[in-house]
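Inspection log for the structure reproduced underneath, given as structure tokens.
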Amino acid sequence: MRAAIFAAIGALLLSPASCQSGMEYDADNLAKPTLSIKTFRGAPQNSFEEFPLSAIEGWTGTTKTVKIKCPEELDSNLHVNNATMGYLSSPLSTKLIPAIYILVFAVGMPANAVTLWMLFRTRTIRMTIFYTNLAIADFLFCVTLPFRIAYHLNGNNWVFGEVMCRATTVIFYGNMYCSILLLACISINRYLAIVHPFTYRGLPKRTYALLTCGLVWTTVFLYMLPFFILKQEYYLVQQDITTCHDVHNTCESSSPFQLYYFISLAFFGFLIPFLVIIYCYTAIIWTLNAKDRRWLWYIKASLLTFVIFTICFAPSNIILIIHHANYYYSNTDALYFVYLIALCLGSLNSCLDPFLYFLMSKITDHSTAYLTMVKLS
């Protein structure tokens with residue numbers, strides 16, 4: 001039901017009325033906002049932004065707002081402010097972030113490859129389907145990481161083309177929410193197996209697992225469509241670089257759907273699954289007693305899951321909402337570089353998920369014996 005609601009909202013936000021990009025013009029040929037994905041702000045050459053005159057140093061007159069006109073054809077060559085230029089050329093963006101991505105690639109790529117190899121050799125299907133999909137999502141993410149590493153090491157200069165930029169952006173964000181939803185599905189599966197063993201025993205596990213994973217992938221795909229539909233690649237005149245997703249054209253201004261899109265993404269893609277996971281593991285630990293051999297393993301799995309959500313998912317989703325709220329209401333992008341750092345930490349989940357599989361595989365072995373005992377009793 002949660003994933004179905006998630007998909008419905010995604011479809012609503014992707015409808016023609018809410019997903020058009022670019023600008024509309026009123027009778028005075030003044031730009032009016034439509035939907036676009038917001039990052040750093042960049043202005044086309046020979047254009048002006050809307051700003052209060054009181055912001056000009058030394059201005060003592062009455063406060064007014066200057067209405068500006070955007071070019072009818074959107075320009076791919078942009079100018080950015082000094083703060084954005086400082087971030088794009090800083091060691092944080094060109095050294096620290098790619099160093100973390102290199103670490104994630106070096107650990108996550110072989111770890112998820114080994115996990116997939118072990119899963120394909122496993123004949124049991126109780127948990128294999130969920131973990132296979134989780135490992136595939138992480139593996140795809142690791143495959144695209146070298147492109148982002150090269151991008152940052154090259155001074156945030158993207159050389160792989162618009163299509164590849166959109167594809168890596170979709171996979172980058174899609175991996176996070178696909179992982180979150182699959183971890184929630186795994187926790188529900190374990191909850192039913194331990195807290196409601198008789199109900200779990202009568203379920204068509206393979207069918208439910210395949211349908212659930214298919215719904216997760218479909219939901220995430222629908223929600224990621226705006227990143228693939230809208231332009232992500234822009235050339236920055238001052239620095240002579242081409243950015244990927246990090247800068248957008250200010251003439252593609254935001255609409256209320258912009259804010260609602262990201263709020264719904266964080267709410268249905270992070271908060272609700274996180275609450276479901278907390279409830280499921282709490283109920284499991286409460287049901288099992290300390291003498292049960294599975295109890296300690298579930299404590300470890302719960303702690304690891306909590307670490308994954310706290311370090312990898314919580315910061316980026318919280319900052320995501322704050323950033324886009326500031327962008328919509330105050331037209332500022334000061335938090336975006338903080339959000340990029342949080343996203344960088346979020347990539348660590350691709351390294352931690354394989355260890356969660358190894359923990360849960362131990363639990364599954366004990367659960368198999370437990371269900372056999374229940375069946376014979």
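Glycine residues also receive a Cβ, built from the backbone N, Cα and C atoms like all the rest.
The membrane topology recorded in Swiss-Prot keeps Thr122 and Asp292 together on one side. According to Swiss-Prot, Cys165 forms a disulfide bond with Cys244, chosen from Cys142, Cys213, Cys244, Cys251. DSSP labels the residues of the topological domain 'Extracellular' (148-166) in these numbers: 11 helix, 0 strand, 8 coil. Mapped onto DSSP helix, strand and coil, the topological domain 'Cytoplasmic' (280-296) counts 12 helix, 0 strand, 5 coil.
Here the topological domain 'Cytoplasmic' (189-205) is broken down by DSSP into helix, strand and coil counts: 13 helix, 0 strand, 4 coil. Using a cut-off of 8 Å between Cβ atoms, the transmembrane segment (128-147) and the transmembrane segment (260-279) share fewer than three residue pairs, counting only pairs 6 or more apart in sequence. Sequence-distant neighbours of the topological domain 'Extracellular' (148-166) (same chain, 6+ residues past either end, Cβ-Cβ under 8 Å): 88-89, 93-94, 97-98, 101-102, 105, 172, 227-228, 231-233, 239, 241-246. Of the Cβ pairs linking the transmembrane segment (260-279) with the transmembrane segment (167-188) and spaced 6 or more residues apart, 3 or more are under 8 Å, so the two regions touch. On the 0 to 100 pLDDT scale, the topological domain 'Cytoplasmic' (280-296) averages 81 in the predicted structure.
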